[in-house]
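Here's the structure, in C-alpha coordinates; my notes come after.
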Amino acid sequence: AMGGNHTQPKFILLGITDTPWAQAPLFGLFLLIYIITLVGNVGLMVSVWVAPSLHSPMYFFLAHLSLADVCYSTVISPKMLTDLLFGNKTISWAGCLTQFHLFALFATAECHLLATMAYDRHVAICHPLLYITVMSPRACWQLVAWSYLVASLSALIYTSCMFGGSFCGPHRVDHFFCDASPMLRLVCSDTRGSEAAIFALATANGLGTSVVILLSYGHILHTILGMRSAPSRARAFRTCGSHLVSVSVFYGTLFFMYLQPASRHGSRDKVASVFYTVVSPMLNPFIYSLRNKEVKAALGKCRKRVLNHC
(Lines of atoms letter the chains of each structure in order from A; the text may use other names.)
(Lines give C-alpha, C1' and ligand atoms only; values in the text may rest on other atoms or scores of the structure.)
Protein backbone atom coordinates (compact mmCIF):
# COMPACT_ATOMS: atom_id res chain seq x y z
CA ALA A 1 0.00 0.00 0.00
CA MET A 2 3.06 2.24 -0.18
CA GLY A 3 2.99 2.49 -4.00
CA GLY A 4 2.42 6.12 -4.86
CA ASN A 5 1.25 9.10 -2.89
CA HIS A 6 -2.34 8.46 -3.95
CA THR A 7 -2.48 5.29 -1.85
CA GLN A 8 -1.10 6.89 1.31
CA PRO A 9 -3.73 6.64 4.02
CA LYS A 10 -5.14 9.63 5.84
CA PHE A 11 -5.31 9.31 9.62
CA ILE A 12 -8.01 10.47 11.99
CA LEU A 13 -6.77 11.87 15.29
CA LEU A 14 -9.41 11.03 17.89
CA GLY A 15 -8.14 13.87 20.08
CA ILE A 16 -8.11 14.27 23.85
CA THR A 17 -11.83 13.66 24.26
CA ASP A 18 -14.85 13.17 22.02
CA THR A 19 -17.22 14.87 24.50
CA PRO A 20 -18.79 17.73 22.47
CA TRP A 21 -19.22 20.22 25.34
CA ALA A 22 -15.56 19.82 26.40
CA GLN A 23 -14.13 20.96 23.03
CA ALA A 24 -14.59 24.72 23.52
CA PRO A 25 -13.22 24.94 27.09
CA LEU A 26 -10.27 22.75 26.10
CA PHE A 27 -9.63 24.94 23.06
CA GLY A 28 -9.59 28.03 25.32
CA LEU A 29 -7.30 26.38 27.86
CA PHE A 30 -4.79 25.04 25.32
CA LEU A 31 -4.77 28.27 23.32
CA LEU A 32 -3.92 30.18 26.50
CA ILE A 33 -1.19 27.67 27.40
CA TYR A 34 0.27 27.86 23.87
CA ILE A 35 0.33 31.68 23.89
CA ILE A 36 2.01 31.70 27.33
CA THR A 37 4.52 29.10 26.04
CA LEU A 38 5.43 31.23 23.02
CA VAL A 39 5.60 34.53 24.92
CA GLY A 40 7.53 33.01 27.84
CA ASN A 41 10.09 31.08 25.82
CA VAL A 42 10.63 33.71 23.11
CA GLY A 43 10.90 36.33 25.87
CA LEU A 44 13.55 34.24 27.59
CA MET A 45 15.49 33.71 24.34
CA VAL A 46 15.44 37.43 23.52
CA SER A 47 16.54 38.34 27.08
CA VAL A 48 19.49 35.95 26.92
CA TRP A 49 20.42 37.38 23.53
CA VAL A 50 20.16 41.08 24.52
CA ALA A 51 21.20 41.21 28.18
CA PRO A 52 24.98 41.07 28.71
CA SER A 53 24.38 39.84 32.29
CA LEU A 54 22.93 36.63 30.80
CA HIS A 55 25.86 35.92 28.45
CA SER A 56 26.99 32.85 30.38
CA PRO A 57 26.89 29.13 29.51
CA MET A 58 23.95 28.46 31.84
CA TYR A 59 21.73 30.94 29.98
CA PHE A 60 23.10 29.92 26.58
CA PHE A 61 21.81 26.39 27.25
CA LEU A 62 18.58 27.78 28.69
CA ALA A 63 17.96 29.71 25.45
CA HIS A 64 18.37 26.49 23.47
CA LEU A 65 16.02 24.69 25.86
CA SER A 66 13.47 27.44 25.19
CA LEU A 67 13.99 27.03 21.45
CA ALA A 68 13.35 23.27 21.72
CA ASP A 69 10.23 23.99 23.83
CA VAL A 70 8.86 26.47 21.28
CA CYS A 71 9.55 24.05 18.42
CA TYR A 72 8.00 20.94 19.85
CA SER A 73 4.95 22.64 21.30
CA THR A 74 4.45 24.24 17.85
CA VAL A 75 4.65 20.81 16.23
CA ILE A 76 1.68 19.72 18.37
CA SER A 77 -0.43 22.61 19.68
CA PRO A 78 -1.63 24.40 16.48
CA LYS A 79 -2.90 21.12 14.97
CA MET A 80 -4.56 20.15 18.25
CA LEU A 81 -6.18 23.60 18.50
CA THR A 82 -7.58 23.55 14.95
CA ASP A 83 -8.93 20.02 15.59
CA LEU A 84 -10.68 21.21 18.75
CA LEU A 85 -12.03 24.31 17.02
CA PHE A 86 -13.19 22.87 13.69
CA GLY A 87 -13.57 19.21 14.58
CA ASN A 88 -11.66 18.31 11.39
CA LYS A 89 -9.41 15.65 12.82
CA THR A 90 -7.82 14.18 9.70
CA ILE A 91 -4.09 14.37 9.08
CA SER A 92 -2.31 13.18 5.96
CA TRP A 93 0.30 10.40 6.02
CA ALA A 94 3.03 12.97 5.27
CA GLY A 95 1.64 15.32 7.92
CA CYS A 96 1.63 12.55 10.48
CA LEU A 97 5.17 11.50 9.59
CA THR A 98 6.43 15.10 9.79
CA GLN A 99 4.70 15.72 13.11
CA PHE A 100 6.08 12.54 14.66
CA HIS A 101 9.58 13.15 13.28
CA LEU A 102 9.85 16.75 14.51
CA PHE A 103 8.34 15.89 17.86
CA ALA A 104 10.83 13.04 18.34
CA LEU A 105 13.68 15.34 17.30
CA PHE A 106 12.90 18.22 19.68
CA ALA A 107 11.84 16.01 22.61
CA THR A 108 15.13 14.07 22.32
CA ALA A 109 17.08 17.33 22.00
CA GLU A 110 15.37 18.51 25.20
CA CYS A 111 16.63 15.41 27.08
CA HIS A 112 20.20 16.07 25.95
CA LEU A 113 19.98 19.81 26.70
CA LEU A 114 18.71 19.08 30.22
CA ALA A 115 21.66 16.72 30.70
CA THR A 116 24.05 19.37 29.35
CA MET A 117 22.63 21.91 31.82
CA ALA A 118 23.14 19.47 34.69
CA TYR A 119 26.76 18.98 33.62
CA ASP A 120 27.18 22.78 33.41
CA ARG A 121 25.90 23.19 37.01
CA HIS A 122 28.19 20.34 38.10
CA VAL A 123 31.28 22.09 36.69
CA ALA A 124 30.18 25.47 38.11
CA ILE A 125 29.65 24.16 41.64
CA CYS A 126 32.20 21.34 41.93
CA HIS A 127 35.06 22.84 39.86
CA PRO A 128 34.51 26.63 39.94
CA LEU A 129 38.17 27.44 39.12
CA LEU A 130 38.06 25.34 35.94
CA TYR A 131 34.63 26.60 34.87
CA ILE A 132 35.77 29.25 32.38
CA THR A 133 38.13 26.85 30.59
CA VAL A 134 35.85 23.78 30.61
CA MET A 135 32.74 25.73 29.57
CA SER A 136 34.38 27.84 26.88
CA PRO A 137 32.07 29.29 24.17
CA ARG A 138 33.41 26.65 21.79
CA ALA A 139 32.65 23.81 24.22
CA CYS A 140 29.12 25.20 24.74
CA TRP A 141 28.44 25.23 21.00
CA GLN A 142 29.83 21.69 20.68
CA LEU A 143 27.55 20.43 23.47
CA VAL A 144 24.49 22.02 21.87
CA ALA A 145 25.48 20.73 18.42
CA TRP A 146 25.91 17.25 19.88
CA SER A 147 22.43 17.46 21.46
CA TYR A 148 20.86 18.31 18.09
CA LEU A 149 22.95 15.75 16.20
CA VAL A 150 21.99 12.84 18.47
CA ALA A 151 18.38 14.02 18.40
CA SER A 152 18.35 14.20 14.58
CA LEU A 153 19.81 10.71 14.16
CA SER A 154 17.45 9.26 16.81
CA ALA A 155 14.43 10.92 15.17
CA LEU A 156 15.41 9.45 11.78
CA ILE A 157 15.58 5.95 13.26
CA TYR A 158 12.30 6.36 15.21
CA THR A 159 10.51 7.64 12.11
CA SER A 160 11.78 4.91 9.79
CA CYS A 161 10.77 2.26 12.36
CA MET A 162 7.30 3.76 12.65
CA PHE A 163 6.53 4.56 9.04
CA GLY A 164 8.52 1.79 7.35
CA GLY A 165 5.63 -0.70 7.40
CA SER A 166 2.16 -0.33 5.94
CA PHE A 167 -0.88 0.79 7.91
CA CYS A 168 -4.18 -1.08 7.88
CA GLY A 169 -7.58 0.57 8.24
CA PRO A 170 -9.35 1.93 10.19
CA HIS A 171 -6.76 4.70 10.42
CA ARG A 172 -8.01 6.04 13.74
CA VAL A 173 -5.24 7.29 16.02
CA ASP A 174 -6.43 7.26 19.63
CA HIS A 175 -4.46 10.36 20.56
CA PHE A 176 -4.22 14.10 19.87
CA PHE A 177 -1.00 13.78 17.86
CA CYS A 178 0.88 11.09 15.92
CA ASP A 179 2.70 9.47 18.84
CA ALA A 180 4.58 6.16 18.81
CA SER A 181 2.31 3.79 20.75
CA PRO A 182 -1.06 4.70 19.14
CA MET A 183 0.57 4.70 15.67
CA LEU A 184 2.24 1.30 16.13
CA ARG A 185 -1.18 -0.21 16.86
CA LEU A 186 -2.23 0.64 13.30
CA VAL A 187 0.68 -1.07 11.53
CA CYS A 188 -0.36 -4.30 9.71
CA SER A 189 3.05 -5.94 9.53
CA ASP A 190 4.81 -7.43 12.55
CA THR A 191 5.91 -4.52 14.72
CA ARG A 192 8.03 -6.43 17.25
CA GLY A 193 11.30 -5.43 15.56
CA SER A 194 10.34 -1.75 15.28
CA GLU A 195 8.99 -1.69 18.83
CA ALA A 196 12.19 -3.22 20.16
CA ALA A 197 14.32 -0.71 18.21
CA ILE A 198 12.24 2.29 19.36
CA PHE A 199 12.21 1.04 22.95
CA ALA A 200 15.99 0.43 22.95
CA LEU A 201 16.80 3.83 21.49
CA ALA A 202 14.32 5.68 23.72
CA THR A 203 15.79 3.89 26.74
CA ALA A 204 19.34 4.75 25.64
CA ASN A 205 18.41 8.43 25.21
CA GLY A 206 16.24 8.65 28.33
CA LEU A 207 18.42 6.62 30.68
CA GLY A 208 21.70 7.90 29.20
CA THR A 209 20.75 11.53 29.81
CA SER A 210 19.19 10.82 33.21
CA VAL A 211 22.37 9.04 34.34
CA VAL A 212 24.36 12.19 33.43
CA ILE A 213 21.84 14.26 35.40
CA LEU A 214 21.89 11.95 38.44
CA LEU A 215 25.70 11.72 38.51
CA SER A 216 26.02 15.50 38.16
CA TYR A 217 23.58 16.10 41.01
CA GLY A 218 25.23 13.42 43.14
CA HIS A 219 28.52 15.32 42.89
CA ILE A 220 26.77 18.67 43.36
CA LEU A 221 25.01 17.47 46.53
CA HIS A 222 28.27 16.06 47.88
CA THR A 223 30.05 19.39 47.22
CA ILE A 224 27.23 21.52 48.65
CA LEU A 225 27.02 19.49 51.86
CA GLY A 226 30.76 19.94 52.27
CA MET A 227 30.53 23.75 52.06
CA ARG A 228 31.28 25.61 55.28
CA SER A 229 29.14 28.73 54.85
CA ALA A 230 25.34 28.56 54.86
CA PRO A 231 24.89 31.42 52.32
CA SER A 232 27.03 29.71 49.69
CA ARG A 233 25.17 26.44 50.31
CA ALA A 234 21.87 28.24 49.81
CA ARG A 235 23.15 29.95 46.66
CA ALA A 236 24.33 26.64 45.20
CA PHE A 237 20.98 24.99 45.94
CA ARG A 238 19.17 27.95 44.34
CA THR A 239 21.02 27.66 41.03
CA CYS A 240 20.12 23.96 40.85
CA GLY A 241 16.56 24.13 42.15
CA SER A 242 14.91 25.40 38.98
CA HIS A 243 16.73 22.91 36.78
CA LEU A 244 15.72 20.02 39.06
CA VAL A 245 12.05 21.05 38.90
CA SER A 246 11.97 21.10 35.09
CA VAL A 247 13.87 17.79 34.91
CA SER A 248 11.33 16.18 37.25
CA VAL A 249 8.29 17.38 35.27
CA PHE A 250 9.75 16.38 31.90
CA TYR A 251 11.34 13.04 32.78
CA GLY A 252 8.58 11.96 35.16
CA THR A 253 5.91 12.07 32.46
CA LEU A 254 8.23 10.79 29.69
CA PHE A 255 9.21 7.71 31.67
CA PHE A 256 5.60 7.10 32.60
CA MET A 257 4.76 7.13 28.88
CA TYR A 258 7.57 5.30 27.19
CA LEU A 259 8.97 2.87 29.71
CA GLN A 260 5.83 0.79 30.09
CA PRO A 261 4.83 -2.14 27.86
CA ALA A 262 2.46 -1.44 24.96
CA SER A 263 -0.35 -3.47 26.55
CA ARG A 264 -0.48 -1.08 29.52
CA HIS A 265 -1.08 2.05 27.43
CA GLY A 266 -4.51 3.57 27.90
CA SER A 267 -6.42 6.81 28.34
CA ARG A 268 -4.09 7.95 31.17
CA ASP A 269 -1.44 8.31 28.46
CA LYS A 270 -3.23 11.30 27.01
CA VAL A 271 -3.09 13.07 30.36
CA ALA A 272 0.63 12.29 30.73
CA SER A 273 1.23 13.39 27.11
CA VAL A 274 -0.51 16.72 27.73
CA PHE A 275 1.99 17.25 30.54
CA TYR A 276 5.17 16.89 28.55
CA THR A 277 3.92 18.18 25.18
CA VAL A 278 1.89 21.17 26.36
CA VAL A 279 2.40 21.97 30.06
CA SER A 280 6.15 21.36 30.46
CA PRO A 281 7.20 23.80 27.67
CA MET A 282 4.99 26.46 29.27
CA LEU A 283 6.43 25.90 32.77
CA ASN A 284 10.13 26.13 31.91
CA PRO A 285 10.31 29.95 31.50
CA PHE A 286 8.45 30.37 34.81
CA ILE A 287 10.59 27.82 36.60
CA TYR A 288 13.78 29.57 35.48
CA SER A 289 12.78 33.21 35.60
CA LEU A 290 10.76 33.32 38.81
CA ARG A 291 13.55 31.71 40.81
CA ASN A 292 16.24 33.82 39.24
CA LYS A 293 17.16 37.46 39.96
CA GLU A 294 19.34 37.86 36.86
CA VAL A 295 16.59 36.72 34.49
CA LYS A 296 14.02 38.91 36.24
CA ALA A 297 16.28 41.94 35.91
CA ALA A 298 16.97 41.23 32.22
CA LEU A 299 13.26 40.75 31.47
CA GLY A 300 12.55 44.05 33.21
CA LYS A 301 15.15 45.81 31.03
CA CYS A 302 13.73 44.25 27.86
CA ARG A 303 10.23 45.36 28.81
CA LYS A 304 11.45 48.94 29.35
CA ARG A 305 13.19 48.95 25.96
CA VAL A 306 10.08 47.70 24.19
CA LEU A 307 7.85 50.25 25.95
CA ASN A 308 10.25 53.09 25.14
CA HIS A 309 10.13 52.17 21.44
CA CYS A 310 6.33 51.98 21.37
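From the backbone N, Cα and C atoms, a Cβ is placed for every residue, glycine too.
Remember, TrEMBL labels are computer predictions, not curated facts.
TrEMBL has this to say about the protein:
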- 26-51: transmembrane segment (TRANSMEM)
- 40-288: domain 'G-protein coupled receptors family 1 profile' (DOMAIN)
- 58-77: transmembrane segment (TRANSMEM)
- 97-119: transmembrane segment (TRANSMEM)
- 139-158: transmembrane segment (TRANSMEM)
- 196-215: transmembrane segment (TRANSMEM)
- 236-259: transmembrane segment (TRANSMEM)
- 271-290: transmembrane segment (TRANSMEM)
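Outside the transmembrane segment (236-259), and at least 6 residues removed from its termini, the chain residues within Cβ reach (under 8 Å) are 58, 65, 107, 110-111, 114, 117-118, 121, 124-125, 180-181, 199, 202-203, 206, 210, 213, 217, 220, 223-224, 227, 269, 272-273, 275-276, 279-280, 283-284, 287-288, 291-292. For the transmembrane segment (196-215), same-chain residues at least 6 beyond its ends with a Cβ under 8 Å from one of its own Cβ atoms are 108, 111-112, 114-115, 118-119, 122, 150, 154, 157-158, 161-162, 180, 184, 247, 251, 254-255, 258-259.
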